[in-house]
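Below is one structure, written out as structure tokens; comments come after it.
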Amino acid sequence: MKRLDQVLANDGVGAELELVIKDVMVACKDIAYKLAQGELAGILGATEDENVQGETQKKLDVISNDLLKDILIANPYVRGIGSEEEDYTVAGNAGGKYLVTFDPLDGSSNIDVNLSVGTIFSVLEAQDDQSGDNQEVFLQNGRKQVAAGYVLYGPSALLVMTTGNGVNFFTLDRNIGEFVLTKSNIQIPEDTAEFAINMSNQRFWEPEMKQYIDDCLAGEEGPLGKRYNMRWVASMVAEVHRILVRGGIFMYPYDSRDPSKAGKLRLMYEGNPMSMIVEQAGGASSTGRIDIMDVEPKGIHDRVPVVLGSKNEVAKVVAYHSK
Ligand code: AHG
Ligand code: MN
Ligand code: MN
């Protein structure tokens, strides 16, 4: 049995980064225990507030955000944090080397129906001496990430993470309160016939995306020559996890519902960390036109169109966009 800290040490992760990741996990374990208690812990339901994204905050969005924020800004190695649920980035320790961005609770529309949700995090290095409450210090592309991961709160709580040396699965052992290694060197199958997209937005998509999905639906008789299956959990963490386990393609493309937004998902909390994990597992991740990790962020809450998963299927979607 290998604990998370042993695996990190084995991968040559320095003590400072390890302590940052460890603190993220302290918060995630707390979230996992609260989720397991559900209604008993009084954590279900919505608040009366909206976040900066214009979305109603669930109670657990706020609780999870506070757990992560409080522990991380007290960590001596954390310069600052950026969160989906915070209007601005928050300063940590001026001498800290690391910046952490996170989606404290992903798929939060699933909480009240007792389905899978997750936490997504990304770690960057601060490149200069600016304070963590200045968002400029965070505006680095996804290639600069030094660690990325998510915790999937499902029937068991699973940590999936990478520090640039492949992807590992860790399962939370509630008896000892630790994440232990349960699968290593995850590889996403290169081909798939399973897609995940919110079909109800079809009429708002660009013609390239419409065409690809039409061709998937045409099955064996269509130009793609195979019969596709579809899944939609409405929780990116669960969707990406399924893809890591059995392959697939996940898309949240640009749509014209709100033309001012590049997509629904957020680059710094969802797009970049998931892209690092997927690429580290041999998959691919694109906006449909360029690799997500090559997108240069202009603001901490930037949105991005997302197409990720099995390498050869992502390449097909990219080919539709370059026709
Ligand atoms: P969040 O709960 O952090 O706002 O993210 C939800 C995201 C993502 O997890 C999921 O894939 C997608 O939004 C679901 O969108 P629909 O509501 O369109 O199904
Ligand atoms: Mn999310
Ligand atoms: Mn969220």
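Going from the start of the chain as shown, residues are counted 1 onward.
Backbone N, Cα and C define each Cβ position, glycine as well.
TrEMBL annotations:
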type	residues	note
BINDING	GLU84, ASP103, LEU105	Mg(2+) 1 binding site
BINDING	ASP103, ASP106, GLU270	Mg(2+) 2 binding site
BINDING	ASP106, GLY107, SER108, SER109, ASN198, LYS264	substrate binding site
DOMAIN	15-183	domain 'Fructose-1-6-bisphosphatase class I N-terminal'
DOMAIN	188-321	domain 'Fructose-1-6-bisphosphatase class 1 C-terminal'
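Here the features listed in TrEMBL are painted onto the structure.
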{"residue": "GLU84", "record": "Mg(2+) 1 binding site", "DSSP (3 states)": "coil"}
{"residue": "ASP103", "record": "Mg(2+) 1 binding site", "DSSP (3 states)": "strand"}
{"residue": "SER108", "record": "substrate binding site", "DSSP (3 states)": "helix"}
{"residue": "ASN198", "record": "substrate binding site", "DSSP (3 states)": "coil"}
{"residue": "LYS264", "record": "substrate binding site", "DSSP (3 states)": "coil"}
{"residue": "GLU270", "record": "Mg(2+) 2 binding site", "DSSP (3 states)": "helix"}
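Separating the Cα atoms of LEU105 (Mg(2+) 1 binding site) and GLU270 (Mg(2+) 2 binding site) is a whole-number distance of 11 Å. Same-chain residues with CB within 8 A of the center of the ASP103, ASP106, GLU270 CB atoms, the Mg(2+) 2 site residues themselves not counted, are GLU84, PHE102, GLY107, GLY118, THR119, ILE120, TYR150, MET236, VAL237, LEU265, ARG266, TYR269, PRO273, MET274. In this structure the C-alpha atoms belonging to LYS264 (substrate binding site) and GLU270 (Mg(2+) 2 binding site) are separated by 10 Å. Between the farthest pair of Cα atoms in the substrate binding residues (ASP106, GLY107, SER108, SER109, ASN198, LYS264), the distance is 16 Å.
The most crowded of the binding-site residues listed here (SER108, ASN198) is SER108, judged by how many other CB atoms sit within 10 Å of its own CB. Listed binding-site residues near ASP103 (Mg(2+) 1 binding site): GLU270 (candidates SER109, ASN198, GLU270; Cα-Cα distance within 10 Å). By the rule that a residue counts when its Cβ sits under 6 Å from some atom of ligand 1, the binding-site residues ASP103, ASP106, SER108, ASN198, GLU270 yield ASP103, ASP106, SER108, ASN198. For the substrate site, the Cβ centre of ASP106, GLY107, SER108, SER109, ASN198, LYS264 serves as reference, and the other residues of the chain with Cβ at most 8 Å from it are ASN110, ALA234, SER235, MET236. Taking only the Cα positions, the spacing between GLU84 (Mg(2+) 1 binding site) and SER109 (substrate binding site) is 15 angstrom.
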